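Here the structure is laid out as structure tokens; the discussion comes afterwards.
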Amino acid sequence: MPLPETPTRSPAPLTETRSPTPLLFRRHSSREIRNIASVSSSILPAFGTVMGEGSVKLKRFVIAPYDRRYRLWQTFLVVLVVYSAWASPFELAFKKAATGGLLPVDLVVDAFFAIDIILTFFVAYLDKSTYLLVEEHKKIAFRYVTHLWFPMDVASTLPFQTINRIVTGKMNRGPVFGFLNLLRLWRLRRVSEFFSRLEKDTRFSYFWTRYCKLICVTLFSVHSAGCFYFWLATRYHNSEDTWIGKNIPDFKTKSIWQGYTYSMYWSITTLTTVGYGDLYAVNTEEKIFTIFYMLLNIGLTAYFIGNMTNLIVHHAVRTFAMRDAINQILRYASKNRLPEGLKEQMLAHLTLKFKTTELQQEQVLEDLPKAIRSSISQQLFRTTLQNTYLFKGVPEDFIVQLVSEIKAEYFPPNVDIIIQNEIPTDFYIIVSGAMDVVTYKNGTEQFLSKLGSQEMFGEIGVMFNIPQPFTVRSKRLSQVVRISHHHFKQLVQPLKEDGQIILSNFLQHLKGLKKEELAEMPVISEFLDDLNSEEATVIEAGTEDHAGQVQQENIIPTAPALSKTLPTRVIIHGYHPDGTSNERGKLIHLPDSVEHLLSIAERKFGKRGTTIVMADGSQMEDLAALRESDRLYIF
């Protein structure tokens with residue numbers, strides 16, 4: 001049905017040129033185009049074209065060039081073109097067929113092409129300068145009549161032999177009408193356009209479409225050459241002094257199909273350069289024709305072999321690329337004397353990369369608009385993110401923004417994804433598969449835990465901005481999504497409430513870690529001890545005075561924290577840098593005020609300080625000027 005019109009918008013004037021794009025969804029005359037990829041690439045809207053509902057409908061008695069029914073009509077004509085391509089050379093060589101049983105068929109075929117000529121006066125065309133559809137009847141007719149196509153279409157459709165018989169009352173079998181019938185070969189352009197559309201249509205195999213096209217070109221060449229060679233024999237003054245007269249005396253009176261069989265036999269043996277020698281050129285005209293035909297065969301053979309080679313190589317190019325990459329890795333590992341285990345990991349990762357090329361999100365979606373990439377990522381990974389502990393309870397808008405920035409990756413078994421003590425840049429969520437968390441102590445590998453679907457790893461190093469505490473290794477074929485620390489920080493910065501939720505989830509996760517894991521992370525253990533002591537202080541206070549509120553805020557020190565991904569961390573000492581105390585410094589998150597900083601120092605060192613100086617002895621003036629890992633001395 002037609003698309004609904006908006007009441008507030010008036011329909012477009014009749015003289016307005018239409019943009020072709022809205023018509024892709026038009027159903028009044030063209031119904032629905034189910035496969036957009038099959039639409040001709042030449043039908044493009046102009047930049048800046050306003051495409052409203054008023055431009056959806058075409059004028060009356062105007063056909064859209066991509067109308068589904070018009071496309072079916074064009075496909076039907078291709079079948080008739082195949083008949084014309086066979087009949088035209090055949091009727092030139094065998095005059096009996098042209099005036100006998102094939103004559104009614106020719107008239108019916110010509111009638112269909114005459115109808116197509118009439119329809120062409122009603123088919124809108126694309127203006128190459130504006131890329132807009134022109135639907136004015138006068139312009140359509142003027143363009144068609146003044147174009148070469150119109151006289152050629154008419155000449156290839158007129159039944160000259162029938163017209164001559166009506167005018168003269170006699171059936172003329174002269175060679176003139178045979179050559180006029182060859183004008184029907186003009187219709188072969190439709191076959192070329194048909195194969196071009198099929199090659200662009202993803203519903204059909206490109207290999208088999210191209211292969212069928214090559215077969216058709218070869219058969220047409222063989223058929224045309226054989227028919228023309230037989231025609232040379234029929235018009236020669238001495239029939240016995242011809243290539244076929246040497247083998248079949250009085251061949252002109254024999255069966256049409258016997259002569260056609262001999263012609264095809266000669267043409268095929270000549271094309272394939274077999275040449276048994278039983279049929280060969282006798283007179284000068286035949287020899288000249290054979291020379292040109294064999295020269296044509298050289299080009300035709302090169303065309304056929306070149307295309308087939310290209311098709312085969314196209315299917316094998318990925319295999320060649322994989323083999324070359326594997327050989328390069330083997331040579332690299334051999335020259336640098338890499339361990340066997342590391343070489344196997346390299347080969348496994350490379351092999352998996354080639355096997356999952358079509359599934360890699362970055363490569364498949366690289367050329368798509370960001371909105372489409374985001375929608376696909378949400379469809380694939382939104383549920384995984386929502387079920388991950390870090391993002392539970394986070395608003396939907398945050399998940400939508402985060403999922404558009406993630407990257408999907410595959411890892412084969414026994415590959416280290418995160419290495420202990422490496423610089424943290426990303427953290428990962430497991431979509432499918434399993435991971436082992438291991439640590440190295442005194443050169444010995446120790447297993448800590450196992451991670452499964454919808455679990456995270458690498459986030460502790462990212463959140464605390466410390467070297468990765470563990471090595472994470474794939475246990476079997478696994479798919480993970482990678483979240484960049486940089487993108488995560490940019491996303492969380494303006495969202496304080498979401499940062500509070502994420503931080504709360506993160507702290508709860510830290511409290512639930514195993515003792516074996518916490519033992520490998522002294523910084524995290526000290527952080528949790530400080531957090532527990534702050535909570536205990538608030539509970540013991542039992543009041544809601546101003547000081548109590550300040551302490552309560554510091555229980556979640558990263559609340560102002562995750563707005564910057566992590567709070568600024570500083571090291572505080574209970575003595576001046578010129579002193580001689582050996583007391584170790586304490587790593588803390590920088591609070592919001594000097595008073596709060598002094599309160600934290602009092603709890604850490606057991607005494608109340610009044611002065612805060614930097615490592616160089618200068619007095620600290622503004623907390624905002626401090627940087628990560630600065631040392632403060634309180635006395």
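Keep in mind that glycine also has a Cβ here, set from the backbone N, Cα and C atoms.
Here the structure is a predicted model, which means the values were calculated and not measured.
Now, the feature entries from TrEMBL:
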type	residues	note
DOMAIN	390-509	domain 'Cyclic nucleotide-binding'
DOMAIN	569-635	domain 'KHA'
REGION	1-20	region 'Disordered'
TRANSMEM	70-87	transmembrane segment
TRANSMEM	107-126	transmembrane segment
TRANSMEM	211-232	transmembrane segment
TRANSMEM	288-313	transmembrane segment
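Beyond its flanks by at least six residues, the transmembrane segment (288-313) meets 207, 210-211, 214, 217-218, 221, 225, 228-229, 232, 267, 270-271, 273, 281 of its own chain at Cβ-Cβ distances under 8 Å. Long-range Cβ contacts of the transmembrane segment (70-87) within its own chain (Cβ-Cβ under 8 Å, at least 6 residues beyond either end) map to 30, 63-64, 102, 105-106, 109, 112-113, 116, 119, 123, 181, 184-185, 187-188, 190-191, 194, 220, 223. Here the domain 'KHA' (569-635) is broken down by DSSP into helix, strand and coil counts: 15 helix, 17 strand, 35 coil.
Taking the domain 'KHA' (569-635) as a whole, pLDDT averages 76 in the prediction. Residues of the domain 'Cyclic nucleotide-binding' (390-509) grouped by DSSP class, helix first, strand second and coil last, total 38 helix, 43 strand, 39 coil.
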